[in-house]
Amino acid sequence: MRELILIASEKRQDNDELRTIENVVLYVFPPDRGISELLAEGTVSLHKSFRLWRTMGASLGFGRADLQEYKIAHEGLCPNKLNSNLWVDAQSTCERECNVDEDCADFEKCCTNVCGLNSCVAARFSDGTPAQPGGQHARNASESNSTATCDGFICSQQGATCDIWDGQPICKCQDRCEKEPNFTCASDGLTYFNRCYMDAEACIRGVTLTVVACRFYLAGPHTSPLPQDTTAHPTPTSSQDDPMPPTLYSNPHHQSIYVGGTVSFHCDVVGIPRPDVTWEKQSERRERLVMRPDQMYGNVVITNIGQLVIYNAQVWDTGIYTCIARNSAGVLRADYPLSVIRRAEDDFSEDPEMPMGRPFSPADCLVEVDQRVCSGERHVDWYYDSKLGNCQAFNNGGCEDSRNRFETYEECKASCQREGMGICSLPAVQGPCKSWEARWTWNSIMKECQAFVYGGCHGNANNFQTKKECEANCPQRKKKPCKTCRVKGKMVPSLCRSDFAIVGRLTELVEDLDSGLARFSLEEVLRDEKMGLTFFNTKHLEVTIAKIDWSCPCPNITIEENPLLVMGVVQDGMAIIQSDSYVKTITERRLKRLREVVGKKGC
């Protein structure tokens, strides 16, 4: 009599006899060693996906076997095992959770998704093709003339729709809604832009939401207190003409994970109209990558609700991730620190004979960060930036003698950041309670106090009863007079040095933290070296404004009726203007001179 453990798609080198039969590994143990005994002494460990079989008489493959249970793992591999860029979206499979392959259809595998759970997803093969219903390989799928459709495929989750993915019908949360407002009050106490937005939120959260009667009362900064019998929601409004700036539903929190783990930050922001959410990672470089919803950036995913998910985290993912929420009423910035820690092989134990270092002093927080390269081992740590008044991540070059160095953000904050410091840089937080009242918060981006609706609990210190109190705690800086914008050269040399020169009317101006977008309606293209504006008969051009201080913007672009003369460069197909680019109001004299230079090919 022998004991067997059958493990799907997993091979290990043990001293026991090892046989492979149809992609199934059999560990054959001697008859005098029972599986219970092996488990007790730790020789063998069971995982929740392992299956145990017993044979009577002979082992499988040598003779007749009487198996009490016989299940084989599904063919193929999980997409992220085949290619790290093929990740499983938990939001589109929220109703397809699983523990093992047997919980899924025969053409699916039970795979880890970006939120650290398991979801059923179509299996892949080494050639990249997906599995088909019935367990057949996609290469043989052509033998059956059936085409995958959504006919008869029912999605039970509210807000989920059928979609064909890799030749298979799946349930997917809808991510496109009509733009017409039809404000809908839901059973969760929130008001949605229309019914489609409510259904989409229900699908994302995996719940059921119903429409209820609206009973709202807006407590603005100059109104009386709320009636006791009034119900409200995070963004109450009495009409469509009452915009409200973005406000966080809950406070941002620091998170620490081990290397290889998965972590997510949800910028749960509300406002009227619904704010647009983007993410940035703070870095030592001035240029920062703007990460937008429904996009993947390496091992970072921004979901369709603006949630940032990092999977297979590495030490260089350590840092502060900034959520930027913007609507027509204002802009909000919230920082979410992340520490990615190496898992130590052995627990650290202090040597009693080792001399103790001197105690940590508050003066150590004022020491400049040590960015020298002292060894080949580099990792990301935290230091306290006394100029900014908060903790920042930096690349540690192995210089361990620096005192202003911490492994986690929380350790740095506890050691150096005094309580009450930096309250004016905190975002406006509404909180989950519903005792609505008008409060004031300091907006560090707009450099002014703004009114917001406070729920009554779980807010933060950037929360004041009156505007006067807000301005007393967060005084406005005296605005220095702006200097005159200087261009790099005169008009004709600037024309010859530029990749493009256009005459157009500014139709839209979008301000970001230190950059922006300007959209022009083109009237004339004077020079175009790289974009083919004339060839494609382009009527509109989007120009990126790089490295701009919006308190004193250069170039000073404003929306006006007169057309502008704009010259700039082209990088990676994008039109870009910088602080010293030639941007001025066009005149007949200037236009005539430029046409002469272009006509005579003076460049």
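Cβ atoms are placed via backbone N, Cα and C, with glycine included.
Record features, source TrEMBL:
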type: DOMAIN; residues: 71-124; note: domain 'WAP'
type: DOMAIN; residues: 172-216; note: domain 'Kazal-like'
type: COMPBIAS; residues: 225-241; note: compositional bias 'Polar residues'
type: REGION; residues: 225-251; note: region 'Disordered'
type: DOMAIN; residues: 246-339; note: domain 'Ig-like'
type: DOMAIN; residues: 365-416; note: domain 'BPTI/Kunitz inhibitor'
type: DOMAIN; residues: 424-474; note: domain 'BPTI/Kunitz inhibitor'
type: DOMAIN; residues: 474-603; note: domain 'NTR'
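Helix, strand and coil counts from DSSP across the domain 'NTR' (474-603) read 19 helix, 46 strand, 65 coil. Mapped onto DSSP helix, strand and coil, the domain 'Ig-like' (246-339) counts 3 helix, 51 strand, 40 coil.
Helix, strand and coil content of the domain 'BPTI/Kunitz inhibitor' (365-416), in residues and according to DSSP, is 10 helix, 17 strand, 25 coil.
Under DSSP, residues within the domain 'Kazal-like' (172-216) fall into helix, strand and coil as 11 helix, 8 strand, 26 coil.
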